[in-house]
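Novice: The following block contains the structure, expressed as structure tokens.
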Ligand code: HEM
Ligand SMILES: *[C@@H]1O[C@H](CO)[C@@H](O)[C@H](O)[C@H]1NC(C)=O
């Protein structure tokens, strides 16, 4: 009898720990405060306007869609999804987007076009942070990825976190193990992380970020024929960073968010170290195989990953502000 009582007490204690743990987590990340269709009353056309702008921009410059996806990652992984990425360099403070880690990022000027369209309909109502999230969502659709329902209600930071960029944005040669633990620390599990790396199914990598794997000796994990091709794309060990020498992430379907990325890494045709390590790490390999075999499953996990990433530690309620111009604090 006594033993049984002890047992139920323990169970109660465990349950309590479990619940207080998850409540704490919700408060800390602020996930509980974002909501679906946050602008339903204040700016009912907001999501539609953003989608229309993203679509128009895609037909003018297809790679804008790719940029919106990378923007979400670089914004959300530093502190929170708060559009701190979009701030311009001011006296004494280098912007996040001008830091080395943002090398190759482009199309920032078109964010202003999206923001202006939204401001015309609803002045100072819709945050730049939500524009980052929703433009990524709509860009993913243009790249033939899944449609992802996203919550809104993020607010904009009043400062840039350029001092944290080096620490928080993974470098081009970061190891997968470090990336997995970094993502875990913001609540993104291994499977979702592997799915998010599927973003490297689109876009490009510049030679400055590749030559380390090609010169003086070729990284043994790269398929030899593929290495030959990469050496044609990147013919010298010291490419001029200003020269636009690059290789596409996926040679076959470079502008489609499909599962070719996983088939490529299985064939040892990954461009970055993190990409290639997905198949040498026993924790990630099973997911790579699943995604390579089943695009629907990949898209489901990718959607889950984007939701987790886009809800990292948002500013809500009276935190931060709604910027008038995404480049400057009010
Ligand atoms: C976690 C480890 C990651 C590392 C180390 C990494 C690193 C890189 C590097 C070095 C480039 C090439 C930059 C250039 O040379 O122009 C790149 C491109 C890109 N990354 Fe990542 N990335 C990571 C994760 C992600 C995630 C999670 C996303 C989105 C969900 C993402 C989206 C992109 C996109 C879309 C491009 C192509 C950009 C373009 O062509 O304009 N990356 N990444
Ligand atoms: C990563 O690249 C940097 C240069 O960008 C280099 O200094 C560093 O040694 C590299 N790290 C590894 C582990 O290769």
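Using N, Cα and C of the backbone, Cβ positions are placed for all residues, glycine too.
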Novice: Can you find which of 94, 96 TrEMBL lists as binding Ca(2+) 1 at the same site as 75, 78, 82, 84?
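Specialist: Only hit among 94, 96 in TrEMBL's Ca(2+) 1 site, alongside 75, 78, 82, 84: 96.
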Novice: With every protein chain in view, what's the tally of Cβ atoms within 10 Å of the Cβ of residue 74 (active site, proton acceptor), excluding that atom itself?
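Specialist: If we count other Cβ atoms within 10 Å of residue 74 (active site, proton acceptor), we arrive at 20.
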Novice: Within 10 Å of the Cβ of residue 258 (Ca(2+) 2 binding site), how many other Cβ atoms can you find? Include all protein chains, please.
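Specialist: The Cβ of residue 258 (Ca(2+) 2 binding site) has 19 Cβ neighbours within 10 Å.
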Novice: Roughly where does the domain 'Plant heme peroxidase family profile' (33-330) sit in mean pLDDT, to the nearest integer?
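Specialist: Looking only at the domain 'Plant heme peroxidase family profile' (33-330), pLDDT averages out to 96.
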Novice: Can you tell me how many other Cβ atoms are located within 10 Å of the Cβ belonging to residue 200 (heme b binding site)?
Specialist: 20
Novice: Given the recorded positions 74, 250, 253, tell me which ones have a C-alpha lying within 10 Å of the C-alpha of residue 200 (heme b binding site).
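Specialist: Among 74, 250, 253, the ones whose Cα sits within 10 Å of that of residue 200 (heme b binding site) are 250.
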Novice: Using Cβ atoms only, which residues of the same chain lie under 8 Å from residue 250 (Ca(2+) 2 binding site) while being at least 6 residues apart in sequence?
Specialist: 200, 201, 202, 256, 260, 261, 264
Novice: Reported as an integer number of Å, what is the Cα distance between residue 258 (Ca(2+) 2 binding site) and residue 74 (active site, proton acceptor)?
Specialist: 21
